[in-house]
Amino acid sequence: MPVLRVRSLRVAPPGGEEGIRTPSPYKFKTDREILFRYIAENIRLPSTFEQLRTTAAGDCLRHLVDHLVLNCDHPAIVNALLALKWHYGAITEDKGLNDARASGCEIAAWRLLTHLSEREAVDYCLYEIPDPALEANRQSDEEETSQVNEHSPLLARAWTESVANPRRKHEFPNPTSDNRRNLLLQSLTRLTMSMTGEVDDDGEEEDDPTAPFINLNALEIAAIADAKRFLSQNVVQKIITGIWNGDIIFWDNLSVHTEKKPRFYNPRTADPFSRLRVPKYLKSFEVVFFASFLFLYYAVLVERNPTRITPLETFLYLWLAAFSYDELSEWIDAGSIFYAADIWNIFDMAIMAIGFTFMVLRIIGLKTQNAELIDLAFDVLALEALLMVPRVCSILSLSPYWGTLIPCLKEMAKDFIKFMVLVVIIYLGFLTTFSLVGRDSFPLRDMTWFLTKIFFGSTFVGFDIMRQIDPVFGPPLMILFVMLSSILLMGSLTGMLSNSFSRVITHAREEYLFVYSIYVLEASTSNRLTHFYPPFNLLALVIFRPLRLFLPSDDKFRRARIILLKATHLPIVFIIAMYEWIRGTSLRGATYSAVKAPPHGAPIASPAMMRKLAGPRREMRGRRSVTSLQSDQAAQSRLGMSSMERRISAHHARQAEEAQEDSTYAERATDVEVRIADLAAKIDRLTELVISMQSQQSTTLGDVSLS
C-alpha cells in the first residue's frame, strides 16, 4: 500500500482555544492533490460500486479510511473526497476507470463519516470551504493583535498571494450563481494540470481549480457531484432530516450582525423568527399559498368578466407577481443546478410563463376592445390548471411512496422522448408517401389526421381508405404501416418503458432521497438573512428595492428589513410556536432518527474544539489495535482457547475499550442508542452460548470417536 501523506493542521499557540485559527482553505487543495494521487495509483481497473464496496478491489479504500480516521481531523476532508468524485465523474475519456475512481471517492467519504460521532459528522458535512480573500483579511486583523508564531509567515504569505491574484477574483465572482456548472467544467482542465504539476506558458501556476467549491459545504458538493449513494446513507440522511425539522439551523436570531453558521437549535436562546427558515415550515406555507392561488384562479375563471379587471383578478395578479419574485429569489440563491434538480421547479417556470402570457393578452384585449383576444387570454389561463393542480399536491412527493414514483416517471419520460424521435422519422416517411400517392383523393391535412388515428390504434381507418388512396400501392403500404405502428413500434415502446421502470425502481430510493436532499439544501442554505414569504415579499420589493438605487445598504437598511419581516410574519411565527409547543407536549419522550441537539443546545463543535479533542481520541484509536493484539496473545498462551473463543474474547476486549473511550469523549447516548446497545449485548451473549454448546458437542463427539 502506498504511503499516505494526508496530514492534519495542528496549531496550538499560547492562549488556549482562542488562539487556534480556522483551518486554512489551502489545506483543502493540498488534501485534494494527495488524495488524487492515491486514488489514481490504487484504482487502476474498471470496477462497479458494489465491487469496490464488497470485494478485494476496495481494500485500498479501507486503508485510506483507516488512515484518515487516525491521522486527519481537518473538517474539509469530506469536501475534498466529494470534489474528487465530481472530478472523476466529469472526465469523458476512459469512462469505466474514472467512474470506478469516482465511486471509490464516494465510498471513502461515507465510510469516513461512519467512524465519526454524530456531532463530528454534522461538523464535517456542513463545513463550508472558506474564501481565501476573506480569510486573508481576517488573518491580517488578527496578526495585528495576536502574537506571531512559527506558522504565521507561511499562512500569511499564502493568503496574501491569494488576495494579490486579481484573475481569481474576476473569474469566480459568485460561487452560488447559475454559472456554477460552467465554472466547474472550466476548472476540470486546471485541476488535472495542477495534479500533474503542469504550468502555463508564462511559467506561472494555473489558478486554483477548487475555487468553484468555495462557500459550499459537503452536502452541496455531493449534490453537484451527483453523489446519490452518499446522500442516501443513514448518517447523511439523519443530518438532512435534522435540517428539515429545524433541529439544525443556520440562523439563530435576526439581528444586524448575525452570521450564518450551522448550530443546534435551542428554543431558550434562539429567536422565534429564525423558525421561518426551517424547510418544513417553508413547504407547509408553500402549500397554503398554492391553495389560495388555486382558489383565486378558479374564481377568476368562473367570473370571466370580459369588460374590466375585477378585484379577484387583481389579487390573482398580485399572487402571480409574488410567486414569480419568490421563484426568482430562490433561483438566484440556489443557482440553476440546485433549482433545476427539483422537478416541481419546472412546473413553476411553466406556471409563470402561462400566467404572464394571460396578463399580456388580457391587457391588450381590454385596451383594444378585442373580444377574440380576451377569449384567447382566458383559454390560455385555463391551461394553468394542468400544472397548478399537481403543484398543489406536490407535498405528496415528500412521502417515500409517492416520491419513489417520480424518478421512475422522469426516466421513463426521457426514454419516451428519445423513442419518439424514431417514430416521427418513420411517420414523416409514410406521410410523404401516402400524401403523394393519394394526392387526388385526400389532402395533406386529412392524410395527416388519418395516419395519426392509425398510429394510436384505429387500424380500421387505414383498411377503409387504403383502396381510395391507390388501388395498387395503397393496400400493401397501409398493411406495412399498420404492422410497424401497431405491432412493432408500440410493442417496442412498451417493452422499453417496462425495462426503464425496472431499471430505475431498483435505485428509486436513492433518486428520491437525492431530490429530497436538494430541496432541503436549497431551502435552508440561503445566504439571505431576511426571507419574506409570498405575498409579503412584494412589500420588501416595493419598499426597499427603489431605496437601494440611491441609499447605501448599511446596517440601518438591514435593520429596517428585519423590522418589516417581524411586523408582517408575526402571525406565522405564532402559529409555528403553537405547533411546536403542541408537538413537543404530545411527543415528549419519543425517539427520532434525526440528529438531536445536546442538552443545552450548544452550537456545533468548532474546528478548534475538534482539534483539541481529536489528539487523545486518535491516539486511543491507534492504541486500540495494539492493546487488542496483546490481549489476544496473552489469553491464548494462558488459557489455550480455541480460535472461536479467542475471537469472542478479543471482541469483548474491544467493546470494553470502546465503552471506556465513549464514556470519556462521546456525548450522552439517546434512548435509541441505549436500546441498540442492549440488543447488541443480548446478541453477543446468545452467540457465546451457541458457540459454547457447539464446542461441548464437538468435545463429546471426539471422546466417543476415541473410545
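The backbone N, Cα and C atoms fix where each Cβ goes, and this holds for glycine too.
Now, the feature entries from TrEMBL:
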type     : residues : note
COILED   : 669-696  : coiled coil
COMPBIAS : 625-640  : compositional bias 'Polar residues'
DOMAIN   : 290-581  : domain 'Calcium channel YVC1-like C-terminal transmembrane'
REGION   : 616-640  : region 'Disordered'
REGION   : 647-666  : region 'Disordered'
TRANSMEM : 284-302  : transmembrane segment
TRANSMEM : 337-364  : transmembrane segment
TRANSMEM : 376-398  : transmembrane segment
TRANSMEM : 419-437  : transmembrane segment
TRANSMEM : 449-466  : transmembrane segment
TRANSMEM : 478-497  : transmembrane segment
TRANSMEM : 532-551  : transmembrane segment
TRANSMEM : 563-582  : transmembrane segment
Contact between the transmembrane segment (419-437) and the transmembrane segment (478-497) (at least 3 Cβ pairs under 8 Å, separation 6+): yes
Close approaches to the transmembrane segment (284-302) from elsewhere in its chain (Cβ under 8 angstroms; 6 or more beyond its ends): 310, 312-313, 315-316, 319-320, 323, 378, 381-382, 384-385, 388-389, 391-392, 394-395, 533-535, 572
Recorded stretch that, among 337-364, 449-466, 478-497, 563-582, has the most CB pairs under 8 Å to the transmembrane segment (532-551): 563-582
Among the ranges 376-398, 449-466, 478-497, 563-582, the one whose Cβ pairs under 8 Å to the transmembrane segment (337-364) are most numerous: 376-398
Integer average pLDDT (0 to 100) for the coiled coil (669-696): 68
Same-chain residue ranges lying at least 6 outside the transmembrane segment (563-582) that approach it to Cβ under 8 Å: 254, 267, 272-273, 275-276, 278, 281, 285, 530-533, 536, 539-540, 543
Contacting positions for the transmembrane segment (449-466) when only residues 6+ beyond its ends and CB under 8 Å are counted: 423, 427, 430-431, 434, 442, 474-475, 477-479, 481-482, 485-486
